[in-house]
Amino acid sequence: MAEISRKLFLFSILLAFFGNTRLTNANEVDQNDEATVEIEEDDQYVSPELNSDSVYLSEHFDDENAFKRKWIKSEAKKQGVDENIAKYDGKWEIQQPIRKILKNDFGLVLTTEAKHAAISTLLDKPFEFKNKPLIVQYEVTMQEGQNCGGAYIKLLSKGTNTKADLRKFHDQTPYTIMFGPDKCGNDNKLHFIFRHKNPKNGTIEEKHSKKPTQRLDDIYKDKEPHLYTLIVRPDNTFSILVDNKEVNAGSLLEDFTPPVNPPEEIDDPNDKKPEDWDEREKIVDPSATKPDDWDETEPAQIKDPNAIKPEGWLDDEPEMIPDPSAVKPSDWDEEMDGTWEAALVDNPACESAPGCGQWAPPTVPNPNYKGIWRAPLIPNPNYKGKWNPRRIPNPDYFKDDHPFQMTPIHGVGFELWSMSPMLLFDNVLVTDDFALAERWAQQTFVLKKAKLSRDSDSFLDRGLKYAGDNPWVYAVVILGAFLVIGFVTYLLCGPKSEPEADPKKTDAFVEDDPHQSEAEEDLKEEEPREKPTKTKADLEGPEEEVENVTLTTEASPTETEGAGDGHRKRKPRKE
C-alpha cells in the first residue's frame with residue numbers, strides 16, 4: 001500500500017504541474033492577444049458610427065430620442081381595403097430583443113400582428129443613380145417566426161421630401177426599390193423589385209428579379225438576426241447577400257420579369273387566320289372501306305371451350321354459410337333492429353374440395369375479336385402548317401441600356417402587414433461604399449452572430465475552438481494523454497515487491513514481526529545459512545548469487561527500494 005500511495009502522489013504532482021503549465025501558457029497568450037476569451041465574453045458593444053460622405057443613412061435605433069425626432073409614423077390609410085382595417089395602426093417601439101444578445105443594443109420592433117403598419121424617414125441626403133453603386137443593408141429578426149407577412153424595406157422616390165410627406169406614407173407611395181424577405185404559407189420570397197420608367201411614354205412598371213439560387217427557409221423560423229444586403233452597380237449588375245453570403249446575382253437587363261426592354265417585333269394584333277387555312281397534319285383516308293369479313297359483334301373475351309370442371313367440385317355447397325356458433329343478442333328487438341341474421345363464415349365443407357357453388361369455365365381472349373373498324377389516317381394534302389400572325393415592328397419599342405439610372409431616392413420606410421408580431425429591424429444603412437457596409441456589419445451583425453455562436457457552443461465545442469486558436473493546447477493534451485496511459489499501465493502492470501521465499505530450511509512456523517525494523521530484517525537475511533556439506537557447487541553458488549542480486553538491482557531501482565519487504569531471489573544451486 002505504501003508503494004501504491006507513493007506512485008499516486010507522484011502522478012498527482014505531474015498532473016498539477018501540467019495543469020499549471022496550461023494555465024500559465026493561456027495567460028501568456030491572453031496577455032499577448034487582444035482578442036482574449038475574457039474580452040470576448042464581455043461582449044463590448046458600442047453604437048456604431050460612420051462619418052463619411054458616402055453614407056446616406058445609418059440608423060442603429062439605440063437612441064430612442066433621436067429615433068422619435070427622425071422617424072415618422074404614417075397617419076394615412078391603405079387604399080383598396082375595407083375602411084375598418086385601412087388605417088395604419090400597427091405599433092412601432094424601440095426595444096431590446098426578446099433574446100438579449102448585446103448590452104445596450106436596441107432595435108425597431110413591430111409589436112402588433114394582423115395590422116397595417118408604416119413608418120419612414122428621410123435620407124441625410126438624396127441618393128442619385130450616377131456613377132456610384134447603391135448599397136442597402138439592414139437586419140431583421142423574426143423573434144416569433146413568420147407565418148405570413150413581409151419584412152422588406154422600401155426606398156422612397158423623389159417627391160417624398162418632407163416629414164409631412166412621410167405622414168402620408170402608404171402602399172401607393174412611389175418607391176424606387178423594394179427589397180427584403182416576404183412569406184406566406186410555403187411561398188418564400190426575397191424581393192428585389194425596382195420601378196422602371198418607360199423613356200418613351202413615361203409610364204412606370206415594376207421589374208421583379210429572378211428567384212434566389214438557394215432555399216432560404218431557415219430565416220423565417222430560426223428566430224435569429226439575419227443581415228440582408230443589396231448591391232446595385234452602375235454597370236447594371238446586382239448582388240443580394242444574406243448574412244454576408246451571396247444568394248442571388250445577375251443583370252438588370254436580363255434577369256428581371258418583365259424585361260426592361262420590350263421586343264423589337266410583336267404579333268400583329270389585327271392579323272387573323274384565313275378561313276381556309278388547314279392546320280391538320282393528317283386526315284382520315286376517304287377511300288378506305290371496311291372489309292366484308294370484319295365482324296364487330298365478336299366479344300373480346302369468351303368462355304374457354306377446353307375447360308373441364310374439376311373432380312370433387314361441390315355444386316350444392318355454398319362458399320359462405322351462417323355462423324353456426326352465432327347467437328342472437330338478448331337485447332335484439334326485431335321491430336326496431338329488423339330480422340336477426342347470423343354473420344357469414346367460410347363453409348368448412350369447401351376446405352378440402354377444389355371449389356363450391358355453381359361452376360363456370362374461365363374466360364379467354366377471343367381469337368375472332370377485331371373491335372370497331374376505323375379508317376386509317378393519311379397525310380393531309382391541304383396541310384399548311386400551324387398558323388401564326390405576322391410580325392410587325394413594336395410601336396412601343398425602346399432600348400434602355402442604363403436601367404441603373406433609376407429615380408433618385410429621398411427616404412426609406414417599412415410599409416408592412418404581418419401575422420406574426422415582434423418583428424425587429426436594426427442597423428439600416430444606405431451607402432455607396434461596400435467597405436463601409438462591411439465595417440458597419442462588423443460592428444453590429446458580426447458581433448451578434450459571434451455571441452450567439454459562443455452561447456450555443458457546448459463545453460467541448462468551446463475547448464475545440466480554443467484549441468484551434470491556440471495550437472499548443474494539442475501538444476499539452478497529447479503529452480498528458482501519454483502520461484496518463486503510461487502511469488495507469490505502470491500501476492497495473494509495473495514491477496511489484498517480490499513474494500517471500502518458501503521457508504524450507506526450518507520446521508518451525510515463520511511469522512513476520514510487525515515491530516521488526518527493515519534494518520534488522522536485512523541483517524537477518526545476510527546471516528550465512530548452515531550448509532550440511534560444502535561442494536564445488538556450493539562454493540560457486542554465493543558468487544553467482546551476489547552477481548544475480550547486483551544485476552537485478554541495476555535493472556530495477558524500485559525493487560531495491562522495496563528489498564527489505566521480502567527475501568531476495570536465490571539462484572538455484574547446481575547439483
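Cβ coordinates come from backbone N, Cα and C, glycine included.
Here Cys148 is paired by TrEMBL through a disulfide bond, and of Cys184, Cys350 its partner is Cys184. All protein chains included, Cys148 (disulfide bond) registers 15 other Cβ atoms within 10 Å of its own Cβ. Neighbour density for Cys184 (disulfide bond): within 10 A of its CB lie 13 other CB atoms from the protein chains shown.
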